[in-house]
Amino acid sequence: MDALEITQKLISYPTITPKECGIFEYIKSLFPHFKTLECGENGVKNLFLYRIFNPPKDHAEEKHAKENTKPLHFCFAGHIDVVPPGNHWQSDPFKPVIKEGFLYGRGAQDMKGGVGAFLSASLNFNPKTPFLLSILLTSDEEGPGIFGTRLMLEKLKEKDLLPHMAIVAEPTCEKVLGDSIKIGRRGSINGKLILKGVQGHVAYPQKCQNPIDTLASVLPLISGVNLDNGDEYFDPSKLVITNLHAGLGANNITPASVEIIFNARHSLKTTKESLKEYLEKVLKDLPYTLELESSSSPFITASHSKLTSVLKENILKTCHTTPLLNTKGGTSDARFFSAHGIEVVEFGVINDRIHAIDERVSLKELELLEKVFLGVLEGLSEA
């Protein structure tokens, strides 16, 4: 069964976050020789399939998995949930259609195409040495993500089944398949700053303290400011204001306060603590309150790591393209793997139609991606 056939079947399930719609039963049917773990909460479902190939004859699989001699454990990871399709599609978003070399359907790029490719590669993998292959899937990546991959990894830690390496099949490529590998991601800090003033009548400014005037004096040091210089793989961390609110909507009353909502996408050089210190310095002697919350931490996998090297080699061999290693974009479930010390990268199809009307993936991409993933498995098992 090839990547196209599997992807078509996956698209046919209307798995809008966090609905699973029975898709895991189909996936489990493809892997009768794999062991299964499932967990979930609040309507979220997660599936983990795993198999030890070529275990020593004098060890049961479960016992062998817990010993110091356990083989390399590699995991393919992804999500089967999709965002709502909306209206104005040329065809039913959950009835896959092939047209002019493309497969159309919600999730074709994000990320049922990637999942279909690694499921097919896993089915065709037949190593000659001991190797533990696993597949981790969740129905909650597009949503809050609280009970998705993060929860499953916690369960795997309890069972001593955490992988050594993982590829998350996010749609990472920009123009051609193979042009981009995500070897890390920026962190995200959300903040709320309230500058306080004294409300009053605009005709008596001497009796007021307008917090908007206060904001104007420090705005150049807050809005769009770079918090560090970045490095080879990370852009400079930047503070971005996303919302401002002040006043009652009347034209003759100065506001009592102004609320500034902001976000900082940041590299390893900036932390919540360093951002707090910076803002405290900028706002020194001003009346304010500040709230900061880190929603995700930055991470990076070494550019010379075994996983990165094997993936690069197979991309060059199959796609005839040298991938750019980068950390651009938003957050992904790869951060949950990194938090457990797992060597993780992201690689998948082109992302030009993700979350869009008439989402589609090239048939050639699916074919090549399956070959890349199979090559990675073979390369790691032979190392």
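Glycine too: its Cβ is placed from the backbone N, Cα and C atoms.
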Additional site residue, D92, D110, D179 [criterion: listed by Swiss-Prot with E142, H355 for Zn(2+) 2]: D110
Which of E5, E170, E174 belongs with H79, D110 in the Zn(2+) 1 site listed by Swiss-Prot: E170
Inter-residue Cα distance where the pair is H355 (Zn(2+) 2 binding site) and D110 (Zn(2+) 1 binding site), in Å: 7
Secondary structure at H79 (Zn(2+) 1 binding site), reduced by DSSP to three states: strand
Whole-number Å value for how far E170 (Zn(2+) 1 binding site) lies from E141 (active site, proton acceptor) (Cα to Cα): 11
Rounded inter-Cα distance in Å - H355 (Zn(2+) 2 binding site), D81 (active site): 12
Least Cβ-crowded entry, counting other Cβ within 10 Å, from the recorded positions listed as D81, E142: E142
